[in-house]
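Trainee: Take a look at what Swiss-Prot says about it:
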BINDING   C91, H133, H137  Fe cation binding site
ACT_SITE  E134  active site
Amino acid sequence: MARLNVLVYPDERLKIIAKPVVEVNDEIREIVDNMFETMYLEEGIGLAATQVNIHQRIITIDVEGTKENQYVLINPEIIDSCGETGIEEGCLSLPGFRGFVPRKEKVTIKALDRHGEEYTLSAEGLLAICIQHEIDHLNGIVFADYLSPLKRQRMKEKLLKLQKQLARQK
């Protein structure tokens, strides 16, 4: 397995809309394995392929971080949702920042697993929020897009400054 490079906002590649996976094969399973490896190393609970510059509809999730309840969502689609909720969300592509995002309390999705088998999943709580967050990434949306223009601009400026500082240290 390999650690993948996580794109950081305002990288324009985060705005690319991911394409559906045509065939779940060994190459896709390797991407999934590398995404889980990266997600755990970065201490995240979810990762969309878009965040690692792979523009296919693939998501990995483990909200508990135990590696016992891993979810692979290939070509995920929300087929039902209800209720209203929201929390201060964080994101590996927006390190050090959090923001409130309104979400559906419960979602039902259909997706393919790592073997290409279709399944349906009903989720609530943190898992439902994480699924919606990661599907947003596949659609070219980051949580900063839900914030006011002023907050988004401040976030962008701070992240660009941080990136410049890190580049000078290399």
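Just so you know, glycine gets a Cβ as well, placed from its N, Cα and C.
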Trainee: Which of the three DSSP states, helix, strand or coil, fits C91 (Fe cation binding site)?
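Mentor: In three-state terms, C91 (Fe cation binding site) counts as coil.
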Trainee: Neighbour count, 10 Å Cβ-Cβ cut-off, for H137 (Fe cation binding site): what number do you get?
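Mentor: Taking all protein chains shown, H137 (Fe cation binding site) has 23 Cβ neighbours within 10 Å.
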Trainee: Including all protein chains displayed, how many Cβ atoms other than that of C91 (Fe cation binding site) lie within 10 Å of its Cβ?
Mentor: 26
Trainee: Just how many other Cβ atoms lie inside 10 Å of the Cβ on E134 (active site)?
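Mentor: That number is 24.
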Trainee: Relative to the mean position of the Cβ atoms of C91, H133, H137, the recorded Fe cation site, which additional same-chain residues have Cβ within 8 Å?
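Mentor: Leaving out the recorded residues gives G46, A48, Q51, E89, L92, S93, E134, D136, V142, F143.
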Trainee: Inside 10 Å of the Cβ of H133 (Fe cation binding site), count up the other Cβ atoms and send me the figure.
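Mentor: That number is 23.
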